[in-house]
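S.K.: So Swiss-Prot has the following annotated:
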| type | residues | note |
| --- | --- | --- |
| BINDING | R48, R54 | NADP(+) binding site |
| BINDING | R125, S126, S127, N237, A238, G277, K292, P293, T294, S295, S296, R318 | FMN binding site |
Amino acid sequence: MSGNTYGKLFTVTSAGESHGPALVAIVDGCPPGLELSAQDLQRDLDRRKPGTSRHTTQRQEADEVEILSGVFEGRTTGTPIGLLIRNTDQKSKDYSAIKDLFRPAHADYTYHHKYGVRDYRGGGRSSARETAMRVAAGAIAKKYLAGLGIRVRGYMSQLGPIEIPFKTWDSVERNAFFSPDPDKVPELEAYMDQLRRDQDSIGAKITVVAEGVPPGLGEPIFDRLDAELAHALMSINAVKGVEIGAGFASIAQRGTEHRDELTPQGFLSNNAGGILGGISSGQPIVAHLALKPTSSITTPGRSIDTAGEPVDMITKGRHDPCVGIRATPIAEAMMAIVLLDQLLRQRGQNADVRVDTPILPQL
């Protein structure tokens, strides 16, 4: 069965290719009565769109979203919300010379074997261009969650060898890297400038945090909250790893260090990333994403053609030297979609559950 839909109650179905006429999405299950306009979605789309700095692809797409259905007089109706973003700056001729070649580390080879036919222009459906619809859908989820006091935010925590310490959220929206440390921006810019001169690319690490999440979200056993987050975040193009909380660092931790002890004043740590037993604890939800270097570089590489013959590949076109630079809004969107879906599932089964134990504050 095709995998173009995510969610159980709050569902997102997307369609469209990198060089097709448009991208579309159907968002179903959004509760009625939410005030919603195209501008609510456009804010996050503008954070993701290409061509916003010299460090990203120079493809110029306005990414202007149209709401086709599901909203009447400025409020959601509870019916499916149709979204559309038109592609306006395709240069398909850049790919005509490689239509019978497989770009190394791209999805060309695997799409060819899976479907027997593929849209070679810019990667077609496998292109990160598709993530624009995730961001649009995620903006709907973020707005609904915000009305409940839940805020989802992200930032870049590492670019290549450069680790970026968290200093302030205020810095994140003031630079092209979503860096929480303004003092690191000149170093990041210099690194990217040299990378472009080297005709190479680099990976990155993104951290995404949800605050205000109540205890109880997550559906053990198979739909645990951390499992659903890993599923959603790993579905983002170029993501090769996901950590929740301390993640792989917990391998070197002792139990006395890793366990998040409880006091009447709150948890003393958050190594679990806000999730215990697959269920939200009320602490901030923290996830980290590892994104690989983009494979579209002008440095020649070995590959084969559709006949299996060896070729030397030089990938032309307009590409991101670091896909992680624009990944923060995408990661936020996917976390928000997961949280709203889990919130609606919790509401559907356990809305009447009441316990006397107080909810511990976030530290």
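Think of each number as a place in line: the chain as shown, counted from 1.
Every residue gets a Cβ built from N, Cα and C, even glycine.
Since this is a predicted model, take the numbers as computed values, not measurements.
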S.K.: Would you please pick out, from the binding-site residues R48, K292, the one with the fewest other Cβ atoms within 10 Å of its Cβ?
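M.R.: Among the binding-site residues R48, K292, the sparsest Cβ neighbourhood within 10 Å belongs to K292.
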S.K.: Need the DSSP three-state call for R125 (FMN binding site) to compare against my parser.
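M.R.: In the DSSP reduction, R125 (FMN binding site) maps to helix.
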S.K.: If you skip the near sequence neighbours and keep only those at least six away, which residues in the chain come within under 8 angstroms of S127 (FMN binding site), Cβ to Cβ?
M.R.: E17, S18, N237
S.K.: Looking only at C-alpha atoms, tell me how far S296 (FMN binding site) is from R48 (NADP(+) binding site), rounded to the nearest Å.
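M.R.: S296 (FMN binding site) to R48 (NADP(+) binding site), Cα-Cα distance: 19 Å.
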S.K.: According to DSSP, does T294 (FMN binding site) fall in a helix, a strand, or coil?
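M.R.: In three-state terms, T294 (FMN binding site) counts as coil.
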S.K.: How many Å lie between the Cα of A238 (FMN binding site) and the Cα of R48 (NADP(+) binding site)?
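M.R.: Between the Cα atoms of A238 (FMN binding site) and R48 (NADP(+) binding site), the distance comes to 15 Å.
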S.K.: Between T294 (FMN binding site) and R48 (NADP(+) binding site), what C-alpha distance do you get in Å?
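M.R.: Computed Cα spacing between T294 (FMN binding site) and R48 (NADP(+) binding site) is 17 Å.
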S.K.: Could you tell me which three-state DSSP class A238 (FMN binding site) falls into?
M.R.: coil
